[in-house]
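Student: Handing you a structure now.
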Amino acid sequence: MDPPGDELIFFVNGKRILERNAEPEMTLLTYLRRKLGLTGTKLGCAEGGCGACTVMVSKFHRHHNRLVHHAVNACLAPLCSLHHCAVTTVEGIGSIASKLHPVQERIAKAHGSQCGFCTPGIVMSMYSLLRNNPQPTMPDVEEAFQGNLCRCTGYRPILEGYKTFTKEGGCCGGRGKANGCCMTNGNATNPDFTNGHKEDHINGNSTMSDQPLYDPSEFMPLDPTQEVIFPPELMSMSKEPLGEVRFRGERLLWIQPSSLTELLDLKACYPDAKLVVGNTEVGIEMKFKNLLYPVILAPAYIPQLNSIQHTKDGIVFGASCTLTVMGDVLRTAVATLPPHQTELFKAILEQLRWFAGLQIRNVAAVGGNIMTASPISDLNPVFMAAACRLTLASKGGTRVVEMDGQFFPGYRKTILKPEEILLSVEIPYTKKGQYFSAFKQSPRREDDISIVTCGMNVLFEEGSNVVKDLQLSYGGMAPTTVLASGTSKKLLGRPWNESLLEDACVSLAEEMTLAPSVPGGMVTYRRTLTISLFFKFYLTVQHKLAQDGVNVEDVRPDYSSATEIFHAETPSSVQLYQAVPPGQNTDDVVGRPIMHLSALKQATGEAIYCDDIPCYENELHLALVTSAKAYARIKSIDTAEASAVPGFVTFVSFKDIRGSNMTGPAVYDETVLAEDTVTCVGHIVGAVVADTQAHAQRAAKAVKISYEEMKPVVTIQDAIESQSFYQPVRTIKKGDVAQGFKESDHILQGEIHIGGQEHFYLETNCTLAVPRGEDGEMELFASTQSASKTQALVAKAMGVPANRVVCRVKRMGGGFGGKESRSTVLSTVVAVAAQKVKRPVRCMLDRDEDMLVTGGRHPFFGRYKVGYMNSGKVKAVEVTFYSNAGNSMDLSLSIMERALFHMENSYNIPHMCGTGYLCKTNLPSNTAFRGFGGPQGMMVAESWMSDVALACGVPSEEVRRLNLYKQGDLTPFNQCLQQFTIDRCWQECLEFSNYHQRKAAVDEFNRQHRWTKRGICMIPTKFGISFTAVFLNQAGALVHIYTDGSVLLTHGGTEMGQGLHTKMVQVASRTLGIPSSKIHITETSTNTVPNTSPTAASASSDLNGMAVYNACSTLLQRLEPYKVKNPTGSWEDWVRAAYFDRVNLSANGFYKTPDLGYDFDTNSGRPFNYFSYGVACSEVEIDCLTGSHKNVHTSIVMDVGKSLNPALDIGQVEGAFMQGVGLFTLEELRYSPQGYLFTRGPGMYKIPAFGDIPTELKVSLLRDAPNERAIFSSKVGEVE
């Protein structure tokens, strides 16, 4: 029997943890959540790509003799790597019960937490920064957040709230200092400083609100002396010599050697052992590639591997030095050494700026980056072009090799022998006349893997422009990092001029080839990048030669932008809204920008999400078994290997379903568990139930399914060719299109493809099912927008009436439509499993499973034919939509209907016909997503509108303005436009954005820049508010008043970050005339308000707000006699009097939207209660050489009626805008021809990050635009 492992000693939030049975496969995140019950740290992706799991790890660094605090990803940090470390989680820095930390308070009060699932990670990233640097700069803050994602807020309020910690301070952040206020530091007239902060400086006739969104002067000051101290026990341990430590797990031995000799002996004994420092590569391989490494060696504490030596030739870094440490050392060198010596250092620092996120750089070792031998490594091309010297060590001694074209003999291979390790890397100084550049091109600038990356190194004959030596190294152009040695040889001895450039481009085009079927695709783009990046290098070197006095012509001024290194500008912003009327009661919070009611809890980690519910004593965990084929018959399922996994309990298949296996939100056309056929990759075939999540997932991977494959239909084009459509086909027609074309001066035709989009809610789908032991009762805790649909479909699968199933939803970590219907895919399986084993069963999907199984926004293909006049006036449009619905109907018909309802966007087209086809394909069923088909319909409209403007030669904003609707116009579906505000929004947006000055400046910029161009555009939107399925436009509420005067409120809507509960409390507070502090919402559940509609269609605060108002009005009527009797009494007095008089203090409310109903056959009726309007102006800049772009400016004017809560509404507008930026400029779902999804996590699928927000973002809520058709004259409620 193997000897037991050593004891693991570490600290969590100041408390000593002694773990006698440390499991090397367990991550810190799992340990915190499952063993210590610290659920503030969240699981967002399990691959270090989203930052939701960020914690701070502190340790005394023996080699640098100092204490270091680092933000790290707990989802990747192996538990065993924390020996003698101190971990601080979000719970450890502050709580509502004790005291908030300023970092927690400021993100909440600045409205930077919506769903709150990403908030603890962002809080800990900021906290770690402040522990290292109590007064950072804004670039420091932006760097700290490179590894954090947020899907709700659009990032602006987070940056703005945390700007108050920085040297820049933010307006009025530095109260009491002479230069803290923008009135005293010369910025009084700068429009960038009116960012909704402080209104002390605004005169009475200002157009701004009379109140700020929040008041920074109320923030608690940061006191660095009050932070948690590093445990003295660990400090004293750090003085003692380290011995070898071993931890033995179920399948894995973890050894932490204490000396180089021990390490080399171990490597000789275990030549296949992996060396792990940060676990940022091996952790991913073991989790996602199902690889197992029985022995792990952890050399993080070996002195020689951490040493940094300055030699006469350069700086030698030990292979265990982290990228953060390397960056700090190189920055110091650049600041102190002559510039000509640090050309290479500057190139490495440029690559490190965009290398993963800070949490990864803090733990990832430079040696690990080299040895991983990734063909798209950011650093290896730089090391190769510089011919860095690597010292390799083994038991037999050391040898030095140059990192050249032979170092990587094949994909993910190096020339090291199995018993050798990489000891150190020498980064050389550059010489006079030597120039070095590094480039990385990736879809997103921050924290993204590269498409093509390169290092370029040239040395000239002394004092001349004649090439003495040239090394060009590329990543992303072969299975390994390669040198363009043929091109380099041809250019030796030649002067650096246009002739050399031409020959270099021709030679690179010949040398850097890719096969058409190469992994990663984008062949033409990648080959073009090799040349365009060399062109940037050529211009950069030419400019430096001229500056250094070599007799060459400097770069032309209009070419200079191609040589500039990207520097992010700190974003600025403006938020305008209408203040509440003077004299409004201070207790009446309707119209005030009050903070999201859960924001403080979310910032401290105390807000409970589905997977944060403590485990039941006899609880089991479930993992899905999904199809690996897009369309196939199941021949057999073998669970023998799975059942041998420790902790295995049972395999659940369709045979275990006691009720019906047919399911679906609108039509029952899909299965809970596949029977004999699978119709997409990710189709759920069965599930494994085991004692832990790790065991369940291991067993699920061990289930063997054999298939008989059939030809799948994957794309819209496939579906059109094979005529694979769902019925019905929808059409909306107005006027006479044929006549319209005859009357037109010109006709054009076009088409546009719009890709899909993953919801990427930070909290993946999660369900906990608890059997109640009698009468088939089941309690479900689910992360769903649709509690009633979950209840109904679970009851159907279990074979019990709905009254035996209760579904409870506290809150979701984001939804965006993705949890409206597809959440039931998981809930039904978990409930069936719990029914079978008669024990509670829990499943929270990993990010890759969630992205695979649940579907996303519908890809669309639009074809159009447009008739228009010379003036740009559009007379007739014929448009055909095709949507990729996937393998079931889901909500696709309603989504297509909404696309047709928005096919003209905001334009009055006299003759119009639109037809929509639903393509039946072998992809996971696509579903609701914010906008619900509207954005796709409008995008096609804007495509033909742009074509018309281009064809007419008329400015696009004039063509759009010419075609805009007017008050009283009829839409193609014959609804009259009342309370029409789009013309006002348009005019205000023109002024708000300074459109005409901006457009002139763009034209001037484009004249002055050859390789960088800017563009500007204004776009209107009109969005219909209501469910298009009439029966869903209803809502219920239940209000209890207790004898102490407190009020418990329940309604049919769910909270997913949009602030619905906050708004409902505001509505109840105004209606009852009591402070909002007396009102509480605990959760949404099917046993309090039945038959609820999904929280969707942007109608939830309209519907539920009216239901709450109805219930509260009923209660007020009942209390009225006691108010009359005792007019000077308090609320509590009236409540008690009514109670003693035996009056019912509980009321339910109900609301249905009146006068709705549309008939497609007759094209008549009202599909929408009203419309919301908005206009946006955006200016963007694009690099013509690489395709990189940045968002320079965006102004948005939005009509939300009389806002119930301007802070929440502005937050929704900004968050929705950034999701749109992702949809149209960044996010790309990539499938194989066989229907396999490649983009299954934040590593491959890129949502916008902090650095993608516009440099200037302005949002204005339209003033004086009350909406008489919704609660308290508001509109939209939430942009779900």
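Quick reminder: no glycine exception, Cβ is built from N, Cα and C everywhere.
TrEMBL does not curate its annotations; it predicts them automatically.
When I checked TrEMBL for this same protein, it listed these features:
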ACT_SITE  E1278  active site, proton acceptor
BINDING   C45, C50, C53, C75  [2Fe-2S] cluster 1 binding site
BINDING   C115, C118, C150, C152  [2Fe-2S] cluster 2 binding site
BINDING   L275, V276, V277, G278, N279, T280, E281, V282, F355, D378, L422, K440  FAD binding site
BINDING   Q785, F816, R930, A1097  Mo-molybdopterin binding site
BINDING   E820, R898, F932, T1028  substrate binding site
DOMAIN    6-93  domain '2Fe-2S ferredoxin-type'
DOMAIN    247-432  domain 'FAD-binding PCMH-type'
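Mind running through what each feature is packed against?
Tutor: Cβ neighbours within 10 Å of C50 ([2Fe-2S] cluster 1 binding site), excluding its own Cβ and spanning all shown chains: 31.
With a cut-off of 8 Å between CB atoms and residues at least 6 apart in sequence, the same chain places C118, I122, I158, L762 near C150 ([2Fe-2S] cluster 2 binding site), listed in sequence order.
The local packing around A1097 (Mo-molybdopterin binding site), expressed as other Cβ atoms within 10 Å of its Cβ over all shown chains, amounts to 27.
The number of other Cβ atoms within 10 Å of the Cβ belonging to F932 (substrate binding site), over all protein chains shown, comes to 27.
Confidence across the domain '2Fe-2S ferredoxin-type' (6-93), taken as the mean pLDDT and rounded to a whole number, stands at 96.
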Student: I need the neighbours of the substrate site defined by E820, R898, F932, T1028. Which other residues of that chain put their C-beta within 8 angstroms of the C-beta centroid, in sequence order?
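Tutor: What remains near the Cβ centre is G817, L891, S894, I895, E897, A928, G933, G934, F1027, A1096, A1097.
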Student: If you count Cβ atoms within 10 Å of each one, which of the binding-site residues F355, F816 comes out on top?
Tutor: F816
Student: For [2Fe-2S] cluster 2, what surrounds C115, C118, C150, C152 with a Cβ no more than 8 Å from their Cβ centroid?
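Tutor: For the [2Fe-2S] cluster 2 site the neighbour list reads S113, Q114, G116, F117, T119, R151, T153, L762, G813, G814, G1057.
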Student: Just name the winner among N279, Q785 (the binding-site residues) by count of other CB atoms within 10 A of its CB.
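Tutor: Going through N279, Q785 one by one, the largest Cβ count within 10 Å is at Q785.
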Student: If you compare CA-to-CA distances from V277 (FAD binding site) to each of the binding-site residues C53, C152, Q785, F816, E820, which comes out shortest?
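Tutor: Of all the candidates listed, C53 is nearest in space.
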Student: How many other Cβ atoms sit within 10 Å of the Cβ of E281 (FAD binding site)?
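Tutor: Other Cβ atoms found within 10 Å: 19.
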Student: Would you list the DSSP helix, strand and coil counts for the residues of the domain '2Fe-2S ferredoxin-type' (6-93)?
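Tutor: DSSP classes over the domain '2Fe-2S ferredoxin-type' (6-93) add up to 15 helix, 31 strand, 42 coil.
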Student: Would you mind sorting out which of C45, C115, L275, N279, F932, T1028 (the binding-site residues) have a C-alpha within 10 A of the one on A1097 (Mo-molybdopterin binding site)?
Tutor: F932, T1028
Student: Tell me the Cβ neighbour count for C118 ([2Fe-2S] cluster 2 binding site), meaning other Cβ atoms within 10 Å of its Cβ, over all protein chains shown.
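Tutor: A 10 Å sphere around the Cβ of C118 ([2Fe-2S] cluster 2 binding site) contains 30 other Cβ atoms.
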Student: Determine, using Cα-Cα distances only, which of these binding-site residues is closest to E281 (FAD binding site): C50, C115, E820, R898.
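Tutor: Nearest in space to E281 (FAD binding site), counting only the binding-site residues, is C50.
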Student: Which residues, sitting 6 or more apart from L422 (FAD binding site) on the same chain, put a CB under 8 Å from its CB?
Tutor: A319, G367, I370, M371, L390, T391, L392, L416
Student: Counting across all protein chains present, how many other Cβ atoms fall within 10 Å of the Cβ of R930 (Mo-molybdopterin binding site)?
Tutor: 24
